(Lines of atoms letter the chains of each structure in order from A and count residues from 1; the text may use other names and numbers.)
(Lines give C-alpha, C1' and ligand atoms only; values in the text may rest on other atoms or scores of the structure.)
Protein backbone atom coordinates (compact mmCIF):
# COMPACT_ATOMS: atom_id res chain seq x y z
CA UNK A 1 0.00 0.00 0.00
CA UNK A 2 1.33 3.38 -0.97
CA UNK A 3 1.59 5.86 1.88
CA UNK A 4 0.83 9.54 1.36
CA UNK A 5 4.61 10.15 1.26
CA UNK A 6 5.00 7.44 -1.40
CA UNK A 7 2.29 9.04 -3.53
CA UNK A 8 3.97 12.43 -3.25
CA UNK A 9 7.36 10.93 -4.15
CA UNK A 10 5.90 9.12 -7.17
CA UNK A 11 4.05 12.18 -8.46
CA UNK A 12 7.09 14.41 -7.99
CA UNK A 13 9.40 11.92 -9.70
CA UNK A 14 6.99 11.44 -12.61
CA UNK A 15 6.65 15.21 -13.07
CA UNK A 16 10.43 15.36 -13.50
CA UNK A 17 10.20 12.67 -16.18
CA UNK A 18 7.87 15.03 -18.04
CA UNK A 19 8.18 14.96 -21.79
CA UNK A 20 10.83 12.25 -21.65
CA UNK A 21 8.37 9.54 -20.55
CA UNK A 22 8.15 7.86 -23.96
CA UNK A 23 11.91 8.02 -24.41
CA UNK A 24 12.46 6.49 -20.95
CA UNK A 25 9.84 3.82 -21.63
CA UNK A 26 11.63 2.81 -24.82
CA UNK A 27 15.00 2.85 -23.06
CA UNK A 28 13.64 0.62 -20.29
CA UNK A 29 12.22 -1.83 -22.83
CA UNK A 30 15.52 -1.93 -24.70
CA UNK A 31 17.35 -2.47 -21.40
CA UNK A 32 14.94 -5.31 -20.56
CA UNK A 33 15.39 -7.01 -23.94
CA UNK A 34 19.18 -6.86 -23.54
CA UNK A 35 19.27 -7.93 -19.89
CA UNK A 36 16.49 -10.51 -20.01
CA UNK A 37 16.46 -11.93 -23.57
CA UNK A 38 13.53 -14.26 -22.88
CA UNK A 39 11.28 -11.19 -22.78
CA UNK A 40 11.78 -10.83 -26.53
CA UNK A 41 9.47 -13.81 -27.10
CA UNK A 42 6.44 -11.54 -26.60
CA UNK A 43 7.57 -9.30 -29.45
CA UNK A 44 8.42 -11.64 -32.36
CA UNK A 45 6.93 -9.16 -34.83
CA UNK A 46 9.03 -6.22 -33.57
CA UNK A 47 12.31 -4.87 -34.84
CA UNK A 48 14.14 -4.96 -31.50
CA UNK A 49 17.27 -3.16 -32.69
CA UNK A 50 18.51 0.00 -30.96
CA UNK A 51 16.33 2.98 -31.86
CA UNK A 52 13.59 0.84 -33.42
CA UNK A 53 10.39 2.76 -34.16
CA UNK A 54 8.36 -0.18 -32.81
CA UNK A 55 10.22 -0.22 -29.49
CA UNK A 56 9.85 3.57 -29.25
CA UNK A 57 6.11 3.31 -29.91
CA UNK A 58 5.66 0.58 -27.31
CA UNK A 59 7.81 2.53 -24.86
CA UNK A 60 5.41 5.44 -25.27
CA UNK A 61 2.47 3.11 -24.56
CA UNK A 62 4.19 1.90 -21.39
CA UNK A 63 4.91 5.49 -20.33
CA UNK A 64 1.35 6.59 -21.09
CA UNK A 65 -0.02 3.74 -18.97
CA UNK A 66 2.27 4.74 -16.11
CA UNK A 67 1.17 8.36 -16.46
CA UNK A 68 -2.43 7.15 -16.17
CA UNK A 69 -1.51 5.12 -13.09
CA UNK A 70 0.21 8.12 -11.49
CA UNK A 71 -2.83 10.29 -12.24
CA UNK A 72 -5.18 7.69 -10.75
CA UNK A 73 -2.93 6.37 -7.99
CA UNK A 74 -5.90 5.98 -5.64
CA UNK A 75 -7.92 3.94 -8.16
CA UNK A 76 -5.45 2.11 -10.39
CA UNK A 77 -7.67 -1.00 -10.80
CA UNK A 78 -10.33 1.04 -12.59
CA UNK A 79 -7.87 3.22 -14.50
CA UNK A 80 -5.88 0.22 -15.78
CA UNK A 81 -8.76 -2.24 -16.18
CA UNK A 82 -8.65 -2.43 -19.99
CA UNK A 83 -4.87 -2.83 -19.95
CA UNK A 84 -5.18 -5.58 -17.35
CA UNK A 85 -7.70 -7.40 -19.55
CA UNK A 86 -5.40 -7.07 -22.57
CA UNK A 87 -2.35 -8.50 -20.82
CA UNK A 88 -4.25 -11.29 -19.06
CA UNK A 89 -6.58 -12.50 -21.77
CA UNK A 90 -5.09 -11.57 -25.13
CA UNK A 91 -1.34 -11.11 -24.72
CA UNK A 92 -0.94 -13.60 -21.85
CA UNK A 93 2.26 -12.05 -20.62
CA UNK A 94 3.97 -14.02 -17.85
CA UNK A 95 3.58 -11.88 -14.70
CA UNK A 96 7.30 -12.13 -13.90
CA UNK A 97 7.97 -9.88 -16.89
CA UNK A 98 6.29 -6.94 -15.18
CA UNK A 99 8.88 -7.21 -12.40
CA UNK A 100 11.67 -7.29 -14.96
CA UNK A 101 10.37 -4.21 -16.75
CA UNK A 102 9.82 -2.45 -13.42
CA UNK A 103 13.46 -3.07 -12.52
CA UNK A 104 14.60 -1.70 -15.88
CA UNK A 105 12.40 1.36 -15.44
CA UNK A 106 13.96 2.03 -12.04
CA UNK A 107 17.46 1.74 -13.52
CA UNK A 108 16.52 4.07 -16.37
CA UNK A 109 15.09 6.67 -14.00
CA UNK A 110 18.14 6.42 -11.74
CA UNK A 111 20.46 6.95 -14.72
CA UNK A 112 18.63 10.06 -15.90
CA UNK A 113 17.85 11.60 -12.50
CA UNK A 114 20.58 10.46 -10.11
CA UNK A 115 20.31 13.44 -7.76
CA UNK A 116 16.55 12.93 -7.37
CA UNK A 117 16.75 9.16 -7.01
CA UNK A 118 17.09 9.08 -3.23
CA UNK A 119 16.51 5.88 -1.25
CA UNK A 120 13.03 7.14 -0.29
CA UNK A 121 12.11 7.94 -3.91
CA UNK A 122 13.54 4.60 -5.04
CA UNK A 123 11.43 2.77 -2.45
CA UNK A 124 8.29 4.72 -3.38
CA UNK A 125 8.74 4.11 -7.11
CA UNK A 126 9.42 0.43 -6.46
CA UNK A 127 6.21 0.13 -4.43
CA UNK A 128 4.28 2.04 -7.10
CA UNK A 129 5.55 -0.19 -9.92
CA UNK A 130 4.78 -3.28 -7.83
CA UNK A 131 1.23 -1.95 -7.38
CA UNK A 132 0.89 -1.38 -11.12
CA UNK A 133 2.16 -4.94 -11.73
CA UNK A 134 -0.36 -6.31 -9.24
CA UNK A 135 -3.19 -4.51 -11.01
CA UNK A 136 -2.03 -5.71 -14.43
CA UNK A 137 -1.92 -9.33 -13.23
CA UNK A 138 -5.12 -9.19 -11.18
CA UNK A 139 -7.24 -10.73 -13.95
CA UNK A 140 -4.95 -13.72 -14.54
CA UNK A 141 -7.52 -16.32 -13.50
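In case you wondered, yes, glycine gets a Cβ from its N, Cα and C as well.
Among the features that Swiss-Prot reports, domain 'Globin' is placed at 1-141, with the record citing sequence analysis. Summarising the annotation, Swiss-Prot assigns phosphoserine to 3, 35, 49, 102, 124, 131 (among others). As annotated by Swiss-Prot, N6-succinyllysine applies to 7, 11, 16 (among others), with the evidence given as similarity to another entry. Annotated phosphothreonine per Swiss-Prot: 8 (among others), in sequence order, evidence recorded as similarity to another entry. Annotation source Swiss-Prot lists N6-acetyllysine at 16, citing similarity to another entry. Marked as phosphotyrosine by Swiss-Prot: 24. The O2 binding site annotation in Swiss-Prot covers 58 and rests on sequence analysis. According to Swiss-Prot, the feature heme b binding site maps to 87.
Once Cβ contacts within 10 Å are tallied over all protein chains shown, the binding-site residues 58, 87 are led by 87. Separating the Cα atoms of residue 49 (phosphoserine) and residue 3 (phosphoserine) is a whole-number distance of 39 Å. The number of other CB atoms found within 10 A of the CB of residue 8 (phosphothreonine), across every protein chain shown, is 13.
Long-range Cβ neighbours of residue 11 (N6-succinyllysine) (same chain, at least 6 residues apart, Cβ-Cβ under 8 Å): 70, 73.
If you take the C-beta of residue 131 (phosphoserine) and look for same-chain residues 6 or more apart in sequence within under 8 angstroms, you find 2, 69, 76. Within the same chain, residues at least 6 positions away in sequence whose Cβ sits under 8 Å from that of residue 7 (N6-succinyllysine) are 73, 74, 124.
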